[in-house]
Amino acid sequence: MTDPRRAVERRIAAAFGVSTLAAVLAGAGYVLGDEMLLGLGFALGFAGLAVGLAAWSRRLLPQGPYVEEREPLISPPLTRQALESELGRDGRPFARTALPRRMLVLAVSALGIVALFPIRSLLFRVPSPRRALAETAWRAGTRAVGVDGRPVRAADVVPGGMLTVFPEGRLDAADSAAVLVRVDPARLALPPDRMRWTVDGIVAYSKVCTHAGCPIGLYLQTAQRLACPCHQSVFDVLRGALPVGGPAARPLPQLPLGVDAEGVLVARGDFPEPTGPGYWRRA
Amino acid sequence: MIIRWLGRGAARWFDGRLRLASTVRTAVAKVFPDHWSFMLGEIALYSFVTLVLTGTFLTLFFVPATGDVAYDGSYAPLRGSTMSAAYASTVELSFDVRGGLLFRQVHHWSALVFLAAIVVHLSRVFFTGAFRKPREINWLVGVTLFATSIANGFAGYSLPDDLLSATGLRIAYSTLLSLPLVGPWAAFLLFGGEFPGESIVPRLYVAHVLLLPGLIAALVGVHMAVLVRQKHTHFPGPGRTDRTVVGSKLWPAYAFRSLALLCAVLAVAFGLGALVQINPIWSYGPFQPAAATSPAQPDWFLGWVEGALRLFPPVEFRVFGHLVPAPFLPGVVMPGLTFLVLYAWPWIDRAVTGDRGRHQVLDRPRHRPARVAVGVWALSFYGLLLLSAADDLVAMWLRVPVLDLVRIMRVVVIVVPLLLAAVGFAVARALRGRPEDTVGTLRWADLTSPREARDERR
Ligand code: FES
């Protein structure tokens, strides 16, 4: 008959033995550059320690239950009173000192307010929000270029496809990204003045979703709708990119499109309204 | 032998200078109640330890800058392409730094476990009424820890400047922008200009490795100091009163058990990190101004906000002629209200129950059916929002159009939590006053007829 305590001790020792072996495995994993072996070695090593320590705690150590007294979490009234009178006796430095007290408050508030000024430094080298949000990098005559930087001609926009364009030289301008889609001009239902903003049935809309600013990712050709990958807003290409599903509430702004002398697609001006997610503005 | 001799020497040395013997004696004799649910907070604590250890390793290699570099590391598909230093260094960390990928994955997994442990711990405290007087302070500290940890998790996974996390940053930017009056300035000050700007990665980095973890560490310190001062609550049982704590002593049984838990948390983190790939940023590709990954889901702890953004109807309105954009209600007001109610809960509970007493003995959940109902409502409501954050994937699996699914989910998130809350209420009410029964031993009749009537029938 084996002593039960000895058996428990052996099992705990075995768990720590496993940890030791696992450490060797982890070491081998590191030397061989095998990330999985390294990780498994650590995992097994810690698991061995956990099992051993838990068994040690449960099987070899006194379990109790022990009882500890709880003192009430409130001071006896006398102690409270003693503190109050201690603070009150000569501890009221602000009494009868109105002038210095008021000036102290004034000085600290003034310094506190000025200390907030440097927060404004977080915005440097760029225009203030109102201007930056209201306009994009498109100007009358700016050429449209693809993501590779090459100018885009009307023939590059195939029916059924969606082409992402940027203003020439500003491939980094996220708010200026636009999509070109070619549709049957006869089916386009745009306000009359905006029909002139298309070229041979090519319409340009902002690529930045009016919901939360994700780039429109998909053109559903059969339905002639643009879809945003983030929260599945859907915009109707034929009806001025009106939102027809999902959480977006405003249409994608339309970019006035034209052609320059060399046949390259150009903007005839900036978007008529701010692109992308909405913000606190007169509208 | 030698260790014991050294230990005693060191103890004498310190005691001769700080007079610690009696303090330490009280400390090691501190009694901890024995119930598995008291270990949940510890899992969060040890996940935080894992995060600090692995995170420190990662900081030694990560470059928090958005300036362009040409990648020339060992991951062939990206070699030669231009990307931000942040992204390049993360790819390098994953492929060229030995142990880098493992520690990255362990770090990310630990963050998910950390927040999960916080939520489960918070639920335990909620359902058992552990937030009641005198523990309101620790409830407030705990809710703040929760919020700070969500923020830090978001800051962390946004750092690599990959295409997936950039999508999350766009949405965060737009949500900030949606604030009435101050939105444009708030977003511009944080991002240093219009999205994407060049400043957000270094700023998030400072927040992620210094400000937020510092705040978390400080709050954890306060949380535990208050805990030690107030001592644990305990479940009702023989000898367990408002004047006692019943359980094991810190030394030795509890200390061994807690160390075992630390090792178990590490084992799970390393096991997940070794075996289950997480956030493979090299396959998402670097940030591009006009592209987004699809499908794109945030880490789970922000899924509830993402789900709300997806489900909320397209509502924009005007205040004083100014636009209040769509993300404002689901992205700002809903989370804001959520945390407001969380913070206020001890006082709401007190107002509803009229219970202003001090408590050291916990409620069993069944003692408060209304609280159970609120808890079940909250867990199912936020759980369903989380599910809705993956509506595109769910729609693909179910083969239904995603817009139809959105319409269905809009109803489901309102109706189902209310139904489940009613069920929770009925179950808790039926179990109240029957300490031996569990959900499994309950019969249908117990649910429908009130307890008093049934007792008479017996
Ligand atoms: S960003 Fe396009 S739907 Fe939300």
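The backbone N, Cα and C atoms fix where each Cβ goes, and this holds for glycine too.
Over in TrEMBL, the protein carries these features:
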- B:10-236: domain 'Cytochrome b/b6 N-terminal region profile' (DOMAIN)
- B:43-63: transmembrane segment (TRANSMEM)
- B:111-131: transmembrane segment (TRANSMEM)
- B:137-159: transmembrane segment (TRANSMEM)
- B:205-228: transmembrane segment (TRANSMEM)
- B:259-278: transmembrane segment (TRANSMEM)
- B:328-348: transmembrane segment (TRANSMEM)
- B:369-388: transmembrane segment (TRANSMEM)
- B:408-428: transmembrane segment (TRANSMEM)
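Using the rule of three or more Cβ pairs under 8 Å, pairs at least 6 apart in sequence, the transmembrane segment (B:259-278) is in contact with the transmembrane segment (B:43-63). Only sequence-distant pairs (6 or more apart) were considered; of these, fewer than three Cβ pairs between the transmembrane segment (B:328-348) and the transmembrane segment (B:408-428) are under 8 A, so the stretches are not in contact. Within its own chain, the transmembrane segment (B:205-228) has Cβ neighbours under 8 Å at 30, 45, 48, 51-52, 55, 59, 62, 64, 137-138, 141-142, 144-145, 148-149, 151-152, 155-156, 159, counting only residues six or more beyond its boundaries.
Tertiary neighbourhood of the transmembrane segment (B:408-428): same-chain residues 307, 311, 313, 365-366, 368-370, 372-378, 380-381, 384-385, 387-388, 391, 439, 442, 447-448, selected by CB-CB distance under 8 Å and a gap of 6+ residues from either end.
Mean model confidence of the domain 'Cytochrome b/b6 N-terminal region profile' (B:10-236) amounts to 96 (pLDDT, 0 to 100 scale).
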